[in-house]
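Feature annotations, courtesy of TrEMBL:
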type	residues	note
REGION	1-88	region 'Disordered'
COMPBIAS	1-42	compositional bias 'Low complexity'
DOMAIN	105-422	domain 'Kinesin motor'
BINDING	Gly185, Val186, Thr187, Ser188, Ser189, Gly190, Lys191, Thr192	ATP binding site
COILED	451-526	coiled coil
COILED	648-675	coiled coil
COILED	710-786	coiled coil
COILED	815-842	coiled coil
REGION	848-871	region 'Disordered'
REGION	884-904	region 'Disordered'
Amino acid sequence: MAASSSRGRSSSPFHSRKPSSPFSSSSSSSSFKQTVPQSSSSATTFYGGSGNGHGSRSGTLGRTTSDSMYSRGGYGGGSPVGYPSADEMIDEPIDDISRAAGGDSISVTIRFRPLSEREYQRGDEIAWYADGDKLVRNEYNPATSYAFDRVFGSFAETHEVYDVAAGPVIKAAMEGINGTVFAYGVTSSGKTHTMHGDHTSPGIIPLAIKDVFSIIQDTPGREFLLRVSYIEIYNEVINDLLDPTGQNLRVREDAQGTYVEGIKEEVVLSPGHALSFIAAGEEHRHIGSNNFNLLSSRSHTIFTLMIESSAHGDEYDGVIFSQLNLIDLAGSESSKTETTGLRRKEGSYINKSLLTLGTVIGKLSEGRASHIPYRDSKLTRILQSSLSGHGHVSLICTITPASSNMEETHNTLKFASRAKRIEIYASRNKYTENKMLISLSHALKTCILQIIDEKSLIKKYQKEISALKLELDQLRRGMLVGVNPEEIMTLKQKLEEGQVKMQSRLEEEEEAKAALMSRIQRLTKLILVSSKNTIPGLTDVSAHLGSPSANDGDNGTLLLHSDIQNELISSNFSAADSSITESTQMGEVISGSARGAKLLTGGLSIDEMDLLVERVKMLAGEIAFSTSTMKRLVEQSANDPESSKTQVDQLEREIEEKRRQMRALEKQIVESNEASISNTSLADMQQTMMKLMTQCDEKGFELEIVTADNRILQEEWQNKCAENKELQERIMLLEQQLAMADNEKSSTSLEQHGSKEYIDELRTKIKIQEVENEKLKLEHVQILEENSGLCVQNQKLSEEASYAKELASAAAVELKNLAGEVTKLSLENAKLEKELMAACELANTKPGNGGSRKYDAIKPGRKGRSGRVKDAYDDVDRSNSVIKERHVSDVPQTAHGSNARDEGEGGELRWEWRCKFSYIRQQQQCFFLAGILVCVNLVHLPALNVQFAGPRLQIEFLLSLLDICSTSLTMKDD
Ligand SMILES: Nc1ncnc2c1ncn2[C@@H]1O[C@H](COP(=O)(O)OP(=O)(O)OP(=O)(O)O)[C@@H](O)[C@H]1O
């Protein structure tokens, strides 16, 4: 199914196929224009970055033709924000030559991706944001903004981007206008996500493929032939992703433009079929990881869809051809991308080619007919035709809002802004003479001629036979007139031999004819026509990703040309007629494709299997045909041995080659079948397992529900039992009441009143009683609730009370100890008093001491003990206040201000004793206070309980008082 690269340039996806087109010239500079306004009459719109921040939304953009506006608003002063009007978007096919007065600009779309997990963790902020759906604005410098055809925020879906940025290009490509959609951006900005996507969110490429097939379905008047190719540019080397042997391909250039030599093309019949080639190609694509992206694309990839179409039958107006390039570029890498070795080398190649792309875009946007360095990179060489205005171009720039990538994003925006200014002149390609179709026509004509040739052979043989018959008749007649019987016998033999030969020849010819018809039929299948049968959706076909390419052989891709069809239809071969008509009109292809959406578990889709089988059949037919031709040649070789020999040899080689191909294909089919069988059993087992597990889960879930139900029922049952019990009690009560009432009734009222009214009254009473009972019950319940609340409270209080008691008993013990100490101190006090008195007496008895006054002052019996102690206290107080006034001196002061040492030993002693008295007095005061507090605590606990927040608080308060007391005691001690 692969279209051979050896077919030459006509099969190249990058080959400009319209030599007559004014845009196919290799000198491209003439086919684009600068969109920068040269005069005020220019229709181009420019946004000048008004600097009023968020106010400048798309809806408020003013149109101006002022050149001065163009230079304003750039980041860092100078980056332009000019853009042509978004309503110049390419969404309508353009007739032969696009707008005479001016071309389209490249459509530029910006797509933000959300902050990645990594960026969040790094604390990145939003540096760029989408301001409306046309502007990108800088968060830190709102005056810096860029305007584009469309800006998609972080949460836009790929299909929305597709509808705006790719849909119109694909639609135009189906009508004969070349198209290129490419994603550009720094590494990890979301290019591959946008172009390829994944199962949950298909990218632009799968969506485009789906769209192409649905357009075919919606175009009943035309028939299509689709081929795909897929290449990568890795380290400036072009590799064929559909053919691993196609490495280091070369870009060639001729008068019609650039093309890649030796590229492999595959005919595709369904979306799944096309996606399977992409998946196969992706297997060979170079991917590596860097610090930004685990699966970073290390190469630029170009997926090309070649579309040929023509109108049916009488409507036939030639074939139009277009090609659609869907490009996923590798991401530019900055110094922040940590790479080493191979990755660094890859990165430098990537950057170099992107730089060249930037330069080319820059030059094209300048609009001057200067040298454009397309040749500086393979990428720009391949894109030359697209960029120089041969078709629609849609650029999708993917960016990250992260502040850490602010500068890189800014560069992308500048690039996009420049690209926006390139003007293109897209035109529809139309081929009245299409090489592909011509070769196709030749192939089918050969088939038909072969059939006709066979037919003439039959005629020849028939002629021979009739000649022989005639001869035989003559001989018979001659016999009658006396001819040699031997001669008659020879003739008869000849005739019989001729008849046998003719018979076998006829049979062979029939076989060959059947083979040819089958070939025609198969070729016809390659044509895609609109059908009401459904083309498999992408949900089915996404399963194809990962399945290998089906066809390795090269059968020379052919399309059934309408002329040939007509020729065939008008010929005598009714079988061919009917089969072709059936196959084309009944839409066998699409139904085949629809079947093809189903995957065989062995890896090949049914579609692909079908194709393989078809191919084998075709080869078998061809072998049969070649064999019969060879036989004929062998027979003829009697007349012309020389020329026949070479032909026979060639045919033998062909037959051998075809047999080899057939064996290879059969092997592939058998292997695929085996794989499918083994995979089927594995898949069956997996399926059964999955089913069982699902069932298990379901059962578990059901069990849980039933258990929960049971619990609820049990609770309900218990409630009902309780209610029942209550009711029974109530019934008993009522019965008792009734019995009492009956008694009453029987004893008194019945006779007295004997009326029904009395019974009613009683009943009412009973009812009232019942209501009261109910009320009482409710009250009872309430009381019970309150009671339980109180119990809880009580419990708490009792806990706290016991705690308080413990504290109080501890305090009592402490108090007791303190009291003991006080007693001890009192005794000591008395002792000291005695000693003091003795000392005083001793002092007084000393002659010339002049101490009579002091002696008088403390003389026992004159003032009594308490009076003396009081005096002593007063003295100590006075001395204390004096001591406070002293700073450094360690010499004690007397109450009179004189130095104690001056007063001699007696003065010192007195001072010491006075201090001790004072200390004791303070201690006593504290103990007294502590005692009072403890008593208060014990006695007034309930009262304080009310005053304070809680008993614990109160006790803590008392304890802190005690603490203060003991602290003051300690201080006194010190
Ligand atoms: N719009 C988006 N929404 C959600 N996730 C996205 C979006 N764009 C990109 N991502 C995620 O960001 C990561 C990097 O994206 P992707 O691989 O497409 O970047 P890239 O530009 O192709 O990088 P490289 O140039 O290195 O190949 C992926 O995990 C992808 O799923």
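Quick reminder: no glycine exception, Cβ is built from N, Cα and C everywhere.
Automatic prediction, not curation, is the source of TrEMBL annotations.
Sequence features annotated in TrEMBL and their locations in the structure.
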residue : record           : contacts (Cβ under 8 Å, 6+ apart)
Gly185  : ATP binding site : Lys191, Leu329, Gly331, Ser332, Cys397, Thr398, Ile399, Thr412
Ser189  : ATP binding site : Arg113, Gly331, Thr398, Ile399, Thr400, Thr409, Thr412
Gly190  : ATP binding site : Arg111, Arg113, Ala183, Thr398, Thr400
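There are 26 other CB atoms within 10 A of the CB of Val186 (ATP binding site), with all protein chains counted.
DSSP assigns Thr192 (ATP binding site) to a helix in the three-state reduction.
Over all protein chains present, the Cβ of Thr187 (ATP binding site) has 25 other Cβ atoms lying within 10 Å. Looking just at the coiled coil (815-842), the mean pLDDT is 85. Around the Cβ of Thr192 (ATP binding site), the number of neighbouring Cβ atoms within 10 Å comes to 24.
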